[in-house]
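Everything below concerns the one structure shown next.
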Amino acid sequence: MEKKKIVVTAGTFDILHPGHYEILKFAKSLGDELIVIVARDETVKKLKGRKPIIPEEQRREMVEALKPVDKAVLGSLKNKLEPILKLKPDIIVLGPDQTTFDEETLKQELAKYNLYPEIVRFRGYKKCPFHSSFDIVKEIIRRFCSKEIKI
(Lines of atoms letter the chains of each structure in order from A and count residues from 1; the text may use other names and numbers.)
(Lines give C-alpha, C1' and ligand atoms only; values in the text may rest on other atoms or scores of the structure.)
Protein backbone atom coordinates (compact mmCIF):
# COMPACT_ATOMS: atom_id res chain seq x y z
CA MET A 1 0.00 0.00 0.00
CA GLU A 2 1.37 3.37 -1.04
CA LYS A 3 1.90 6.02 1.65
CA LYS A 4 -0.54 8.93 1.50
CA LYS A 5 1.00 12.25 0.54
CA ILE A 6 0.32 14.65 3.42
CA VAL A 7 0.03 18.37 2.73
CA VAL A 8 0.05 20.98 5.50
CA THR A 9 -0.83 24.64 5.39
CA ALA A 10 -1.37 27.12 8.19
CA GLY A 11 -3.07 30.42 8.85
CA THR A 12 -5.29 32.48 11.07
CA PHE A 13 -8.50 32.02 9.07
CA ASP A 14 -10.22 34.87 10.90
CA ILE A 15 -13.27 35.77 8.85
CA LEU A 16 -13.17 33.05 6.22
CA HIS A 17 -13.14 34.39 2.67
CA PRO A 18 -12.67 33.23 -0.94
CA GLY A 19 -8.89 33.62 -0.70
CA HIS A 20 -8.77 31.06 2.10
CA TYR A 21 -10.83 28.64 0.05
CA GLU A 22 -8.54 29.10 -2.97
CA ILE A 23 -5.39 28.25 -1.02
CA LEU A 24 -7.06 25.23 0.60
CA LYS A 25 -8.20 23.87 -2.79
CA PHE A 26 -4.70 24.40 -4.17
CA ALA A 27 -3.06 22.71 -1.19
CA LYS A 28 -5.40 19.71 -1.39
CA SER A 29 -4.63 19.31 -5.11
CA LEU A 30 -0.97 18.63 -4.23
CA GLY A 31 -1.58 15.52 -2.14
CA ASP A 32 -3.93 12.98 -0.64
CA GLU A 33 -4.57 14.47 2.79
CA LEU A 34 -4.74 18.15 3.74
CA ILE A 35 -4.13 19.09 7.36
CA VAL A 36 -4.52 22.74 8.31
CA ILE A 37 -2.81 24.34 11.30
CA VAL A 38 -4.99 27.14 12.69
CA ALA A 39 -3.14 29.87 14.58
CA ARG A 40 -3.86 30.21 18.28
CA ASP A 41 -5.49 33.42 19.56
CA GLU A 42 -2.43 34.24 21.68
CA THR A 43 -0.07 33.72 18.74
CA VAL A 44 -2.13 36.01 16.51
CA LYS A 45 -2.13 38.70 19.20
CA LYS A 46 1.68 38.54 19.40
CA LEU A 47 2.10 38.70 15.61
CA LYS A 48 -0.63 41.19 14.67
CA GLY A 49 -1.11 43.14 17.89
CA ARG A 50 -4.74 42.09 18.24
CA LYS A 51 -6.70 38.94 18.96
CA PRO A 52 -8.75 37.39 16.17
CA ILE A 53 -12.44 38.26 15.96
CA ILE A 54 -13.47 34.60 15.95
CA PRO A 55 -12.09 32.39 18.77
CA GLU A 56 -9.52 29.74 17.84
CA GLU A 57 -11.68 26.65 18.38
CA GLN A 58 -14.49 28.07 16.24
CA ARG A 59 -12.00 28.97 13.49
CA ARG A 60 -10.58 25.43 13.66
CA GLU A 61 -14.05 23.88 13.40
CA MET A 62 -15.02 26.08 10.44
CA VAL A 63 -11.80 25.29 8.57
CA GLU A 64 -12.19 21.57 9.22
CA ALA A 65 -15.73 21.70 7.82
CA LEU A 66 -14.49 22.92 4.43
CA LYS A 67 -14.49 20.30 1.68
CA PRO A 68 -10.76 20.36 0.80
CA VAL A 69 -9.71 19.93 4.46
CA ASP A 70 -9.26 16.49 5.98
CA LYS A 71 -8.30 17.73 9.43
CA ALA A 72 -7.64 21.05 11.19
CA VAL A 73 -5.53 21.36 14.32
CA LEU A 74 -4.60 24.27 16.55
CA GLY A 75 -1.03 25.50 16.44
CA SER A 76 1.34 25.26 19.37
CA LEU A 77 1.77 28.03 21.90
CA LYS A 78 5.37 26.94 22.61
CA ASN A 79 6.97 26.16 19.25
CA LYS A 80 5.61 27.16 15.84
CA LEU A 81 7.18 24.07 14.30
CA GLU A 82 5.71 21.58 16.79
CA PRO A 83 2.63 20.61 14.72
CA ILE A 84 4.78 20.18 11.60
CA LEU A 85 7.23 17.99 13.51
CA LYS A 86 4.34 15.78 14.65
CA LEU A 87 2.59 15.63 11.27
CA LYS A 88 5.75 15.09 9.16
CA PRO A 89 4.18 16.41 5.95
CA ASP A 90 5.44 15.71 2.47
CA ILE A 91 4.48 19.22 1.32
CA ILE A 92 4.02 22.52 3.15
CA VAL A 93 2.03 25.25 1.42
CA LEU A 94 2.73 28.84 2.49
CA GLY A 95 0.19 31.56 1.81
CA PRO A 96 1.10 34.68 -0.15
CA ASP A 97 1.01 36.81 3.01
CA GLN A 98 2.73 34.43 5.42
CA THR A 99 5.89 36.07 6.70
CA THR A 100 6.70 34.06 9.83
CA PHE A 101 9.05 31.95 7.69
CA ASP A 102 10.36 32.37 4.19
CA GLU A 103 10.88 29.18 2.22
CA GLU A 104 14.63 28.91 2.83
CA THR A 105 14.48 29.62 6.56
CA LEU A 106 11.71 27.06 6.99
CA LYS A 107 13.74 24.45 5.06
CA GLN A 108 16.77 25.11 7.26
CA GLU A 109 14.77 24.92 10.49
CA LEU A 110 13.08 21.65 9.50
CA ALA A 111 16.37 20.13 8.33
CA LYS A 112 17.59 20.40 11.94
CA TYR A 113 14.91 17.77 12.70
CA ASN A 114 15.70 15.66 9.62
CA LEU A 115 12.49 16.78 7.90
CA TYR A 116 12.72 17.68 4.22
CA PRO A 117 9.23 18.46 2.91
CA GLU A 118 8.67 20.25 -0.37
CA ILE A 119 7.78 23.87 0.40
CA VAL A 120 5.43 25.64 -1.99
CA ARG A 121 4.37 29.29 -1.91
CA PHE A 122 0.76 29.80 -3.09
CA ARG A 123 0.51 32.86 -5.33
CA GLY A 124 -2.69 32.23 -7.23
CA TYR A 125 -5.52 34.24 -5.71
CA LYS A 126 -8.20 34.79 -8.30
CA LYS A 127 -9.03 38.41 -8.76
CA CYS A 128 -12.07 38.66 -6.54
CA PRO A 129 -12.93 41.71 -4.45
CA PHE A 130 -12.81 39.97 -1.08
CA HIS A 131 -9.77 37.73 -0.91
CA SER A 132 -8.54 39.18 2.38
CA SER A 133 -10.09 39.64 5.81
CA PHE A 134 -8.81 43.21 5.88
CA ASP A 135 -10.68 44.05 2.65
CA ILE A 136 -13.87 42.55 4.10
CA VAL A 137 -13.56 44.58 7.31
CA LYS A 138 -12.92 47.78 5.31
CA GLU A 139 -16.04 47.14 3.22
CA ILE A 140 -18.17 46.45 6.31
CA ILE A 141 -16.98 49.73 7.83
CA ARG A 142 -17.67 51.59 4.58
CA ARG A 143 -21.18 50.16 4.31
CA PHE A 144 -22.31 50.20 7.91
CA CYS A 145 -20.54 53.14 9.49
CA SER A 146 -22.15 55.86 7.40
CA LYS A 147 -25.03 57.94 8.74
CA GLU A 148 -27.44 56.87 6.00
CA ILE A 149 -27.52 53.22 7.05
CA LYS A 150 -30.80 51.89 8.35
CA ILE A 151 -30.49 48.51 10.01
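Any Cβ shown, glycine's included, is placed from N, Cα and C.
Annotated ATP binding site per Swiss-Prot: THR12, PHE13, HIS17, PRO18, GLY19, HIS20, ASP97, TYR125, in sequence order, evidence recorded as sequence analysis. ASP97 (ATP binding site) falls outside any helix or strand according to DSSP and counts as coil. Packing around ASP97 (ATP binding site) is summarised by its Cβ count: 12 other Cβ atoms lie within 10 angstroms of its Cβ, all protein chains included.
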Within 10 angstroms of the C-beta of PHE13 (ATP binding site), the count of other C-beta atoms across all shown chains comes to 24
